[in-house]
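Structure, as C-alpha cells:
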Amino acid sequence: MLSFVDTRTLLLLAVTSCLATCQSLQMGSVRKGPTGDRGPRGQRGPAGPRGRDGVDGPVGPPGPPGAPGPPGPPGPPGLTGNFAAQYSDKGVSAGPGPMGLMGPRGPPGAVGAPGPQGFQGPAGEPGEPGQTGPAGSRGPAGPPGKAGEDGHPGKPGRPGERGVVGPQGARGFPGTPGLPGFKGIRGHNGLDGLKGQPGAQGVKGEPGAPGENGTPGQAGARGLPGERGRVGAPGPAGARGSDGSVGPVGPAGPIGSAGPPGFPGAPGPKGELGPVGNPGPAGPAGPRGEAGLPGLSGPVGPPGNPGANGLTGAKGATGLPGVAGAPGLPGPRGIPGPVGAAGATGPRGLVGEPGPAGSKGETGNKGEPGSAGAQGPPGPSGEEGKRGSPGEPGSAGPAGPPGLRGSPGSRGLPGADGRAGVMGPPGNRGSTGPAGVRGPNGDAGRPGEPGLMGPRGLPGSPGNVGPAGKEGPVGLPGIDGRPGPIGPAGPRGEAGNIGFPGPKGPSGDPGKPGEKGHPGLAGARGAPGPDGNNGAQGPPGPQGVQGGKGEQGPAGPPGFQGLPGPSGTAGEVGKPGERGLPGEFGLPGPAGPRGERGPPGESGAAGPSGPIGIRGPSGAPGPDGNKGEAGAVGAPGSAGASGPGGLPGERGAAGIPGGKGEKGETGLRGEIGNPGRDGARGAPGAIGAPGPAGASGDRGEAGAAGPSGPAGPRGSPGERGEVGPAGPNGFAGPAGSAGQPGAKGEKGTKGPKGENGIVGPTGPVGAAGPSGPNGPPGPAGSRGDGGPPGMTGFPGAAGRTGPPGPSGITGPPGPPGAAGKEGIRGPRGDQGPVGRTGEIGASGPPGFAGEKGPSGEPGTTGPPGTAGPQGLLGAPGILGLPGSRGERGQPGIAGALGEPGPLGIAGPPGARGPPGAVGSPGVNGAPGEAGRDGNPGSDGPPGRDGQPGHKGERGYPGNIGPTGAAGAPGPHGSVGPAGKHGNRGEPGPAGSVGPVGAVGPRGPSGPQGIRGDKGEPGDKGARGLPGLKGHNGLQGLPGLAGLHGDQGAPGPVGPAGPRGPAGPSGPIGKDGRSGHPGPVGPAGVRGSQGSQGPAGPPGPPGPPGPPGVSGGGYDFGFEGGFYRADQPRSQPSLRPKDYEVDATLKSLNNQIETLLTPEGSRKNPARTCRDLRLSHPEWKSDYYWIDPNQGCTMDAIKVYCDFSTGETCIQAQPVNTPAKNAYSRAQANKHVWLGETINGGSQFEYNAEGVSSKEMATQLAFMRLLANRASQNITYHCKNSIAYLDEETGRLNKAVILQGSNDVELVAEGNSRFTYTVLVDGCSKKTNEWDKTVIEYKTNKPSRLPFLDIAPLDIGGTNQEFRVEVGPVCFK
C-alpha cells in the first residue's frame, strides 16, 4: 500500500513536469526583436508635481537593490502543493519595434506639464519570509505514481509446518555422557532386609525423664504378709522394774535380720582386671541413636538398571564429533536428608482400661512427702462403728440443761430443834445451781481398734503441684513408637565438579535387623568371609559439651558380716569414735538372704579379654525352668534348610557387608528373544505388596555356641520383655549413718542400661523441671538410607556398537502429528478383531514433548500379539554424540486417505492386572474419632473426713492399756553430725556369690578367626516377582544419518511482516523550481509626495507604445526569465487549472485517508476487526465489513466485531440445521457424520452474502493466518438423545465428535488439545423433552476452526430427534 507521502510526492512530480512542458511551449511562440542603440542621457528636469497614473510602460532597467521591506501580512491560503511560485515581470519588455533615427537637438523647451507617472520600478529585494500560511485544501487525486522501490525485507515468517518424519536412521555411535542430571527425588525405602543376628548389648541409654504420675490403681487384693518391718523407734522408757533374778544363759539366738544397707563407703582401690566373664545376655536393643554426622561421600556404586526406551526425540542438528572421554561411573548415593522436625505432641488419650494387678514390686525408696492436697468434699456418713473401748475422758463439754431433781441426800446431822411447823406443800423446782469446778483430765484411754474400712470417698480435687520429685529409677523401655513420617527432602546442594571415577566401593552397611525368624536346620559351617575394607575416617565431630563428672571407681568387695551380739540394755549414746583403718578383705561368706535392690552402681572399667574356655559336653535337657535372663549371643548355627516364607518382618538395620562370593560359572547363551541374564541390580524399587504368610518352619536344632563375635552396630529397641518373677524378699541390713547430702553432680556420661528398678509408690506430680543441659553427642547412629545418585562421572570411551537388544517396552503413544496434506477420502476400512487385553503396564514417565506429528488415519486393527515376558532392563547406555543429519528419504507413495474408521465397540473388561506398586507412604491421616469411654478409673485418693457420727454412749473407764505399738517411722531427721570413727568391725561371714553383674563395656576385639570352609551352595530361590519398571534410561544413541528427503513443498505465504523501521534519510534533493505565482496581494499604501527635483536634461525620444494583448494559453511568457515567489501577477489565467490540481490532490488525499483509517463499510472495509478498533476506539461492537486478503474489496465479508474482546466473528450459513429423526443407522454404536452422511455431503458453511465458497475459503485462510487464537461453540438440541455424558452409565462413550477445518476430530475425552469443553449439558438423560448441550472449543491453533461437521452416536431410535445450531467462529 502506498503511503500518503509517497503519493503526494508522485503527484507533485507530475505537476511539475507538466508546468515545465507548458513553459517550453510558450517560450517557442515569442520572437525577440533586435536591441536598439542607447540614446544619450538627457538633463534632469525639475521634479514636477505627481501626475496621474500613467499607462503601464515598458519596464525600465533594473534599479539598485532597495532596502528590505518589512514582512508583509500573511497571504491567502496557497494551493496544496506549496510550489505555486509566480513568474516575475522583471525582464526585457516584449514587443517594441525598432528604434527610429536620432532627430536634431531641439532648443530647450519650457517646463512641460507634469509627466505621466513613471513606470513601476523594479521589485525590491525579497522581504523577510512571512509566517507559514494555513494548509491549503486538498488537491484532486493525481495519476498513480510509479512503483516504489522494494521495501526492506520483512521479518522472517513463522516457521513452516514440520516436515514428514523421515525413516529412522541406523544407530549412531555412542555419544558422550550428558552432564549430571539434577538430583532425583528421593526413592522409596528399599525392601526390608533379612533379619540380622541379634546385636551385642547396646550402650546403656540415658535415664529417661520421670514419667507423669499414673492415676491411682484400684485397691489390690490383700497382699501377702510383708517383710519384717524395720525395727521401730524405741518406745517410751517404761518404769524401771524391779531387778529380776539372773536367768541362765540362753542359747544363741538366730541370726538377726540384716539392718538397712549402710551408706556407701569410701571408694576402694581399683582392683585388677578380672577374667573375662561369660558373654552377657543380649540386652534389649537400645533406641535408635541420633543421626550421625554426614559421612564422607561413599565410593561410586554399581550402574543402575537400564531405563525404558525414551520417546523418540526431535532430530538434532549435526554436532561436531567430540573426543570420547573415559567412561564415568555413576556417582555415589548422597547422604540422607536431615531428620524432620519432631511432630507436635498429640492430645492426651482417654483413660485406658485398668490392667491386671501386677506382681508386688519391691519396696521403692520413700518419696518426699507431697504437699497437702486441697480438702476434698465430705464423704457420706459411715455406718455406725462397733462399740469402741472406753476413750480417754473428754474435756468438759458445755453446761448441760439442768438435771432432774436429785433424790434426797443422806440424812444430815441433827439441827437445832426448830419449832414444829405445819407441813407445807411441795415447793417449786429450784433454780439451776452454779457450774461445778472443772475436774482434772482423766488418764488416756487405750487406742481403739481400727474401724472398718469406710466406703470409697469421692475423688478429691487435684492437689497443688508438689515439689519436683527426685529422679525416679529408669523405667522399663517403652514399646517402639511408630516410625515418623519421612522428613522433607533437604535443600539441593550445589553441583560439584565432575570427579574422576573412583574405585568400586565396598559393600553397604548391614541392613537393619528384622524380626527373629524361626531357627533353620543346622547347616555345615561356612567359611568366614574376608575382612572388609576399613571405612574412611569420618570428619572430626564438633566440640562436644563439657563432659560430666568422671565415673566413680568400683566398690571393693563386701567385708564379712559380723554376727549380731546379744541385745544389751540401751546405753547412752557415746561420742562418735574415730574412724578405724579399713580392715583387710575377708573371704566371701556364704550367701546371705537377698537384700533390697540398691541403686544402680556406676560402670566399672572393662577387664581384659580372657581366653575362651573349652566347650563342655551337652547335658541332658532339664525341665523347663523359669524364664531366665537373656543368654549370650551364640555363634551362628549352620544354615538350615529354607523354611517357608514368613510374614514380612519389620525393617531391619543394615546387615554387615558379606564377603565377595566367588564368580559363578558362565551359563550357556540362551536363544535370542528370551530374556537375557539378569542385569546389574537396579535402584531399589517401590515396596511391593506383602506376600502371603508362609507356614512356620520346623524349629532347627541349636547350633554349637561360637566364640563371641564383635559387637554389632547399635540395634533398634527390642520389644518389651515379660515381667520376670519377683525375687525372694531379702532381710533388712543394719542401718548406716546418714551422710550429708552431696551437691548435685553434673550429668554423667551415658551409663549402661540398668536393670529395671522396682516400681515405687506413685508420688505426687512434680512440677516440670527446667530443661537439662544438652548431653554429649550420642554414639554414631546406624547407617542412613542410601542417598540419591551422585553426579555423572567423566564420559567413557565410546564402546563398539552392541548387538541389537531385545525389544523395549512399548512406549506411550506419541502426540498427534501435524496435519498432512488433504488426501482424497478413501474407502472405510474393515473393523479389526478385538485384541486381547494386555497386562497393565507401569505408567512410563512423561516423554519429551515431540513436535506435532501428522494425523494418521486409523488403520485396521492388527491381530493381537501374545504378551511376551517382561524383559529385564538393560544397563543405560551413555549418551551418544548426535549423529550427522541424514539425507532426506525418497518420498513414499501417497496412500489413499481412508475414511475415518468408526469407533470400535468397547472391548470386554480386561483381566485383572497384577497388583500395582505400593505407593509412597501417605500423609498422616486426620485424627480419628474419639474412642469409646474408658472403663471406670481406678480409686481416687481418700475423701475428706466424714461428718462427725452421733455421739456414742459414754464408755466405762478402761484399764490402763499396755504400751502402744510403735508409731510409723517419722520422717528422716536432719543429718546428724558425723560420728567419730568407730573401731574396726570384725570381719563378717563370707557373702554368697552375687548375681551376674551388668554387662561390662565392650572388651577389645578378639583375634581374627581362621577362614572357614566354603559353604554349600544355597538352594535355588523361587523366581522373584517381575521388577518394577525402572527409571528412564539415558537418551538413546542418535541413529545414523538418514537419506536426504526431497525438497518439501513450499509453505503457505506467511503473513506480511510488521512494517520495517524507517529507512535512512535520502540525500537532500535539488532545489525545486519556483512555484506558481501567488494571488495578487493587497494594494500598497500610497507613497508620500516627493519633493520637486531639479529640471532634468531633455529626455530621450518617447518610449514605444504598450505591448499588445497577450496571446492566450498559459501565460508563462518570456517575461518569466527568473522565478520569483513574492511578486503577484495580475492575470487570472492560472486559476481554473489550479482548481483542477487542487481538486485532484484533495481527492487523492481522501483516498489515502480512507486507506489509513478504514470505515468498516463495504466500499472501505478493514482488514480485521482489530484494525477497526485501533482506528476508531470509540466505536461499539456491531456488524462491519472486513477484507482479510486485502486487494479488491469485491470479496469483502460482513462479520460481527466484538470490540470488548478484540475478536472477529464469522457466522455460519445457515446457523440451524433442521431437526433429524428418521436416520436409520447401518450399524449400531457408530458415530454418524451429519454433513457427510445424513445431509448427503453438505458440511457446515460460512458464506457471507455476495461471496462465493472459494472466496470465503480464501478469506478464512487469511483470517487463520492473521489470528493466533480461535474459538467456537455449537449447540446440540436433543430429544431423547445423549450428546456428551450419559447419566445412566456415567460414561462419555456416546459423546458427539466434531470435525475441525484441518480434518482434526475433536472429542470428549483423550488428548487435552483435541478435547472440547461442555458449558451446558442438558442432553445427559432421556426425558421425552427437548433440551440442549452447549459445546465450546478454544485453541491457539486457528487452523482447527471453524467446525465443518458433527457426528452424534445416540440417534436413529424411535422418539429420538436432534438438530444442531452452529455458533460463530471467532478469531483473535
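Placement of Cβ uses the backbone N, Cα and C atoms for every residue, glycine included.
Annotation source Swiss-Prot lists compositional bias 'Low complexity' at 95-146 (among others).
The feature compositional bias 'Basic and acidic residues' is assigned by Swiss-Prot to 147-161 (among others).
Taken from Swiss-Prot, the feature compositional bias 'Low complexity' applies to 231-260 (among others).
Per Swiss-Prot, the feature compositional bias 'Low complexity' maps to 285-299 (among others).
According to Swiss-Prot, the feature compositional bias 'Low complexity' maps to 306-327 (among others).
Sequence annotations record features per position, and here Swiss-Prot assigns compositional bias 'Low complexity' to 519-537 (among others).
Sequence annotations record features per position, and here Swiss-Prot assigns compositional bias 'Low complexity' to 600-639 (among others).
Positions annotated as compositional bias 'Low complexity' by Swiss-Prot: 674-716 (among others).
Taken from Swiss-Prot, the feature compositional bias 'Low complexity' applies to 725-743 (among others).
As annotated by Swiss-Prot, compositional bias 'Basic and acidic residues' applies to 744-753 (among others).
According to Swiss-Prot, the compositional bias 'Low complexity' annotation covers 755-771 (among others).
According to Swiss-Prot, the feature compositional bias 'Low complexity' maps to 792-801 (among others).
The compositional bias 'Low complexity' annotation in Swiss-Prot covers 855-882 (among others).
Marked as compositional bias 'Low complexity' by Swiss-Prot: 957-978 (among others).
The feature compositional bias 'Basic and acidic residues' is assigned by Swiss-Prot to 1011-1022 (among others).
Residues annotated as disulfide bond in Swiss-Prot: Cys1169-Cys1201 (among others). Look at Cys1169 (disulfide bond): DSSP puts it in a helix. There are 26 other CB atoms within 10 A of the CB of Cys1169 (disulfide bond), with all protein chains counted.
Among the listed disulfide-bonded residues, namely Cys1201, Cys1209, Cys1278, Cys1323, Cys1370, the Cβ with the most fellow Cβ atoms inside 10 Å is that of Cys1323. Note: Asn1273 (N-linked glycosylation site) has non-local neighbours Leu1319, Val1334, Ile1335, Glu1336, Tyr1337, Gly1367, i.e. same-chain residues 6+ apart with C-beta under 8 A of its own C-beta.
Here the domain 'Fibrillar collagen NC1' (1139-1372) returns a mean pLDDT of 91 for the predicted model.
Using a 10 Å Cα-Cα cut-off from Cys1209 (disulfide bond), the disulfide-bonded residues that qualify among Cys1169, Cys1201, Cys1278, Cys1323 are Cys1169, Cys1201. Following the DSSP three-state reduction, the secondary structure of Cys1323 (disulfide bond) is coil. Reported as a whole number, the C-alpha separation between Cys1169 (disulfide bond) and Cys1278 (disulfide bond) equals 35 Å. Ranking the disulfide-bonded residues Cys1278, Cys1323, Cys1370 by Cα distance from Cys1201 (disulfide bond) puts Cys1370 first.
The distance from the Cα of Cys1370 (disulfide bond) to the Cα of Cys1278 (disulfide bond) comes to 25 Å.
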